[in-house]
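Asker: Provided herewith is a single structure, encoded as structure tokens, for subsequent inquiry.
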Amino acid sequence: MNDVSQKAEILLSSSKPVPKSYVPKLGKGDVKDKFEAMQRAREERNQRRSRDEKQRRKEQYIREREWNRRKQEIKDMLASDEEEEPSKVEKAYVPKLTGTVKGKFDEMEKHRQEEQRKRTEEERKRRIEQDLLEKRKMQRELAKRAEQEGDDSLLITVVPAKSYRAAANRKDPEDLDREHRNGRVSQEEEKTRHEEECRALKEAKCLSLVMDDETEAKKESRFPGKLKSTFEELERQRQENRKKQAEEEARRRLEEERRAFEEARRNMVNEEDESQDTETVFKEYRPGKLRLSFEEIERQRREEEKRKAEEEARRRMEEEKKAFAEARRSMVLDDDSPEIYKAVSQESLTPGKLEINFEQLLRQKMEEERRRTEEERRQKLEMEKQEFEQLRQEMGKEEEENESFGLSREYEELIKLKRSGSIQAKNLKSKFEKIGQLSEKEVQKKIEEERAKRRAIDLEIKEREAENFHEDDDVDVKPAKKSESPFTHKVNMKARFEQMAKARQEEEQRRIEEQKLLRMQFEQKEIDAALQKKREDDEEEEGSIVNGSTTEDEEQTRSGAPWFKKPLRNTSVVDSEPVRFTVKVTGEPKPEVTWWFEGELLQDGEDYQYIERGETYCLYLPETFPEDGGEYMCKAVNSKGSAASTCILTIEMDDY
């Protein structure tokens, strides 16, 4: 009985179907034991299957985790060599790699996935068939149990021939167990071999990727790649670069102008110091015979006036800078509240205060004009210094020659005149008269003033020359007429100095007149603009009173719809200067205010800054460009209605 029960248990635990012809005959007392044995075998089989399934899932989880780790390492290796990884993976044409390790790995990976899919499909079908067989087996066992407990006539009769045939076809349970174990061992070997192949292929792929990266670092890849950025991104980057370049150019130009102004101011101070030093040197080392007191006094007076004017202008400029800094500091202190400042670079808003840029424009123009005049003045002063040095050297040489040789030549001519007679004397006299008439009329007055001083000097020279040559008393009469010959040359040089001084004075006067005219024109423009603005405000107020706008305002305030107490106005600004659009809007509930440019909504940011303080709303542009010119609109919306106000911004180019 034990052998029969063991064989029945083995048959029941096996997965092969049991032929119906073989029914072992057991006693009625062993049916319960048989059922319990079947139940235990079924539970053990289920437990063994669940353990195998858990083990298989655990191994699969470990394999997948290892594969994901290796794949992440490969991705990290690839990402470390690339400069930038595109955030969005776009579909692109990737050529098929054949004849390389990558291509072989891809083919083997596809083949492995196909085999895995086939194995899973076969395993699923096998499990379904096994479940069906187990259900049929359970039904047969229940039927046998019912037959044994109930009617014996329902038992299946055993045919010897069929039983022999079935016994011949039936395999031994030990053979079945051996085959089952061999199949499981072969499956494990196949699984380990497959894992080793995958590991080898992964290592080969990593090596190939590293080698490919090294070769790509040395030479460009021959396979086409995808674009790293689209055309829109390139265009956006180009526009941003252009805008940054324009900002840097404006900043650089401003810095250069500031440095040039500082350099010019330092040079002007240095030149003033040098001019003072040169004046002291000239006063100390000037020759006694070239002392032109009138010209020197006049030049000193003009230089003193010029220095005073420059010091006054510099002092006024410093006062304006201090006043501007104090005003700006007070504005920052007044408007320093977290409601207004949405950014650190945002300027303060003072309600009721109108910013006018023509003060800054006037200051810039005055600085440009001052720099230009100072540069011209320095150049002319240098030229005059050079001419003065050259003339002084020439005059010194001529004076020395005249002092040493002039009188000797005169006395020789006088001796010749005594010998030649009165005709040559008359010709020489007419010659000197013509030379005297060649002097200009404007210089005659100053010549007469200097004649007394020169005459005394000439008399002393004549006396010394008379003593040297030991001439007769007749010589003391005629050299008096000849003594004016060197004086004519001095008169011409003096006239030349006078002409130069007069030309400089006229040029300075003309420049002062031009500056006055420009200042008057600019002030007149400011006055006209202020009067025009006041006239427009008066007309708007009168029109609002005449048209009954006060009642409309009262109706609008009662209705709660937004309306503009102070609408936008057309304005113009110089290129790269800041601009602010200010409106006053009221409404109940509080309206939401947005700003628009050429039909496009402007977002609050660094380029376009929204400022809000009570009913006053502002749009502030820290810096303007030529493309910022156009139509701007302020739109206010609440639940009761909406309102809008528009204006035109004009960008003027800075030509100076």
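Placement of Cβ uses the backbone N, Cα and C atoms for every residue, glycine included.
Among the features that Swiss-Prot reports, region 'Disordered' is placed at 1-131, 165-198, 215-284, 468-492, 529-564. Annotation source Swiss-Prot lists compositional bias 'Low complexity' at 11-26. Per Swiss-Prot, compositional bias 'Basic and acidic residues' is recorded for 27-78, 103-131, 169-198, 216-269. Summarising the annotation, Swiss-Prot assigns phosphoserine to SER80, SER221, SER330, SER337, SER345, SER544, SER549. The domain 'Ig-like' annotation in Swiss-Prot covers 562-650.
What's the neighbourhood like for each of these?
Answerer: The secondary structure of SER80 (phosphoserine), as reduced to three states from DSSP, is helical. Contacts of SER80 (phosphoserine) defined by a Cβ separation under 8 A and a same-chain sequence distance of 6+ are given as none.
Per DSSP, the compositional bias 'Basic and acidic residues' (103-131) is made up of 29 helix, 0 strand, 0 coil.
When secondary structure is read from DSSP and collapsed to three states, SER330 (phosphoserine) falls in the helix class. Listed in sequence order, the residues of the same chain lying 6 or more apart from SER330 (phosphoserine) and placing their CB within less than 8 Å of its CB: none are present.
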Asker: What is the pLDDT of the domain 'Ig-like' (562-650) when averaged and given as a whole number?
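Answerer: Averaging the confidence scores along the domain 'Ig-like' (562-650) gives 91.
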